[in-house]
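For reference, TrEMBL has these:
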COMPBIAS  529-560  compositional bias 'Basic and acidic residues'
DOMAIN    29-104  domain 'Ig-like'
DOMAIN    123-220  domain 'Ig-like'
DOMAIN    226-308  domain 'Ig-like'
DOMAIN    393-474  domain 'Ig-like'
REGION    522-560  region 'Disordered'
SIGNAL    1-20  signal peptide
TRANSMEM  496-518  transmembrane segment
Amino acid sequence: MHFSGCLCALLVALVYQVSGMDTVIGLYGETIEVPCNNGAPKPKDLFMTKWKYDDGDLLTQLKDQDASVIATDKYKDRVSMAENSSLLIAAATLKDEKTFTCMVVAGADISEYPVKLLIHKAPTGVEITALATELEIGKPTQLGQCSTSDANPAASITWFKNKKPLVADGKGIIISSKVKVDEVTGLTTTSSILQYTAEKGDTAALFTCGALNTLSSPVSFTVTYPTERISLHVISKGPLMEGSNVTLKCKADGNPPPTSFNFHILGKLVKVENSDSYTVTDVTRESTGEYKCSIIDNAKMEDSKNITINYLDMSLSPSGKVMKSFGEGLALTLQTHASGELKVSWTKDNGKLDSRPTFDKLTYSDSGKYEVVVTMGPLVKKASFELVVEGVPVIRRVAKRRGEDGQHKVLTCEAEGSPKPTVAWSVNGTSADESPYVNGKITHKLTIVPTVNLTVVCTVSNELGQDTRTINVSTLFEEVRMDKQDSSDEGDTTKLVVGVIVGLLLATVVVGLAYWLYMKKSKQGSWKTGEKEDGSTEESKKLEEKIEEKLEENSQKVEV
């Protein structure tokens, strides 16, 4: 009796506290840790820890002792206590969703910490079934059913079009969902049906559905709609020009598109089945005009295109090889006929000309190959002729000069003519040099050493005629004698100049003396009249100085 009274007194002395409830979410099939007192450290005066739930106790642990399992039901082999007093439940199922309480006895206090346990499970997969075969514009159609299974809580399904969520509007988009619970596991299966009214832009759209972070494989549908518009396209390799093939292609915006069309080729009806194209071969400029295509079932639904066949005609006169004489004229005629604006360019011997050539009076330099190129866009036509200007050779100049060493003479004969003239001299030389034959001109040089005075003849000739020119050539000895005579003449001239200067000097002296005598007489007259002679004396001195300067200047000229 005494022991019982003491135990009652102990229980009365304990203070009983209950904390607010926490919630823990665990994963289905995993080991779940339920913390005691939200994981707070154990009190220093801990006496006992016990876990329990509504149907009974699970396990207890006295201070400094191992935990003891008390449960005898389904938790007997699934529960244990962690070092921090947390409850560990292995192989969690939905039946573990309940409230577990941790009771802590420390000192004179008894505290309880209830924890609500929830079990979650992600869906095992998402897939779309019961797919529609096709979608028709404007007609509500059940697109498919999206399902996901084995989830807790029940999964929410979202439909997507091109990765953007679809929101039910009760008209074009109607979504209906339902959830089914497995009687054994308690897990749920969610299914969602999408009823969708297609638009023309949905032809290439991708539809998916998803739950949580899981998406189904994308699906697409054939969207059918009637043809509302057709268009005619002209297909050709390069520009449309004579001789090419032109393909007409009729495109319709319906799905599926029409398979047969009517083509109107310059007013002629051509029916094409199981194809949308028709090819016009070997077109000409007469093929220019309006072309149409239409649907066989509806002739009013048509499209047309105006087609222009490009062409370029050109003729050049003269052509081939043209032979003309020097000084004649040549008429050049270029005729063109084209469907557009032209560009004309000329070349001579592959060199570009600034303008069209004219030949009013032909010269040898006009000879050459001429080509005209006429272009209109990508169309190009060419024509050419070769002009050859012929003429009897004519000598333009004959000249001579002494060689640089003074031991020979060089004769030059310049001539024009076509075909190329042959140059011949009436004398033989030590060496001959001929310039390149350009524009009908040729220059021939001959080096000779004449021992007697000569009259040399230069003859130029071709198959049309010849021309000659003479030149007098003196010997080298004669030229040397003439050079000496020229030097003697120059000496006589120098002597003459010196004689003239001396005569002028003597004349100056005579004039000076006469003037001096005159002034002297004048001074004597002034004495007789009693005039002062200071001024006359001064003037005499100045005159003498001028005469001396003049004599000195003339003397310098004579020395020169």
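Backbone N, Cα and C atoms are what each Cβ position is placed from, and that goes for glycine too.
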Counts of helix, strand and coil residues, the domain 'Ig-like' (393-474), according to DSSP: 0 helix, 55 strand, 27 coil
Composition by DSSP (helix, strand, coil) of residues within the domain 'Ig-like' (29-104): 6 helix, 32 strand, 38 coil
Within the domain 'Ig-like' (226-308), residues counted as helix, strand or coil by DSSP: 3 helix, 46 strand, 34 coil
